[in-house]
Amino acid sequence: MAHPETHHGHIPVMRNRMGDLLAKPIEAMGERAVILDGTLGAGGHSEYFLERFPQAHVIGLDRDSRSLVDARARLAPFGDRFLALHCRFDQFEQPLAEAAADEQPAACLALEHGFGGALFDLGVSSMQLDEEERGFAYRVDAPLDMRMDPATSLTAATVLNTYSHGELARVLKVYGEERFAGKIASAVIREREKEPFDSSARLVELLYATIPAAARRSGGHPAKRTFQALRIEVNKELESIEQALPAVCNRLASGGRAVFMSYQSLEDKLVKRFFKEITTSSSPPGLPMELPGHEAKFSLITRGAEQASEQEIQDNPRAASVRVRAVEAR
């Protein structure tokens, strides 16, 4: 069986730590344990869980049909202990119910007992970045696609060529935290009137010409924020996270744990805010005792956001920006 650290050259971020965070409920539940891998990707985390917890089942979700093909092949040796579902990670309820109706063991266990653990490794996968034709990377010329699910219709080119100035500026400012959002939007609209945008190289050239030289010298590649914003808009990433947080936490077994790995501040803020809500009592402040039924339903497992060790970052540079937060259902 392929080792997680060598399969396709993709290394699962903080693999061992993710196993440690989920170990307590998974080991306690034994044969009833099901782990939800909400961002299956290459299957590295799922493979590690299946090896480390030999009694557990794993359900992997991915909206990218190409990733599912590879992951299913990789994890086929585990038989029916692994189940892959093609869906957005905030839309797993119906596919899960359908799989249970087909008597898939992992789905049946999940619906009966809840998830013992859940992992969401957010953002674009390294596999998608490596597929140049997908248009996620700004360092190579490629079609302006950026769809995680090729079956959907909205592309980065559509956003650039059809959004109004206000819509485009909002996307760049909110999702890319780009301080030159208005200036970039104006330049895009001016240039698309000459010819529609269809390649990443032309967009990168425009960004170099539009963003002031002083700003280009700091803060990383000048295209980074715009490409992030377009990717988030195309894939509705933040909306998916907002909907997935309550969906997965409501499916946890008693003592089950949910772990979210974020790679930029917008993702982490959503996770942090939601975790604060569900780990805080709803009793009015100042009361001498907890009101019945108002106690928090979850507890924080991580204090603040955990980060990768220096050794982990050296071995796997993608781990440099990760922030990990986890909760446990009471």
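Glycine residues also receive a Cβ, built from the backbone N, Cα and C atoms like all the rest.
These numbers come from a predicted model, not from an experiment.
For Gly43, Gly44, His45, Asp62, Phe89, Asp121, Gln128, the entry in TrEMBL reads S-adenosyl-L-methionine binding site. Secondary structure at Asp62 (S-adenosyl-L-methionine binding site), taken from DSSP and collapsed to helix, strand or coil, is strand. A simple way to gauge crowding: the CB of Asp62 (S-adenosyl-L-methionine binding site) has 26 other CB atoms within 10 angstroms, across all the protein chains here.
Across the region 'Disordered' (305-330), DSSP helix (H, G, I), strand (E, B) and coil residues number 11 helix, 8 strand, 7 coil. As annotated by TrEMBL, region 'Disordered' applies to 305-330.
Distant neighbours of the region 'Disordered' (305-330): 11, 13-14, 17, 21, 25, 114, 126, 249, 252-264, 268, 271-272, 275, 278-279, 295-299; these residues of the same chain sit at least 6 beyond its ends, with a Cβ under 8 Å from one of its Cβ atoms. The 10 Å shell around the Cβ of Gly44 (S-adenosyl-L-methionine binding site) contains 26 further Cβ atoms across the protein chains shown. For Phe89 (S-adenosyl-L-methionine binding site), the number of other Cβ atoms no farther than 10 Å from its own Cβ, over all displayed protein chains, is 23. Around the Cβ of Asp121 (S-adenosyl-L-methionine binding site), 23 further Cβ atoms fall within 10 Å across all displayed protein chains.
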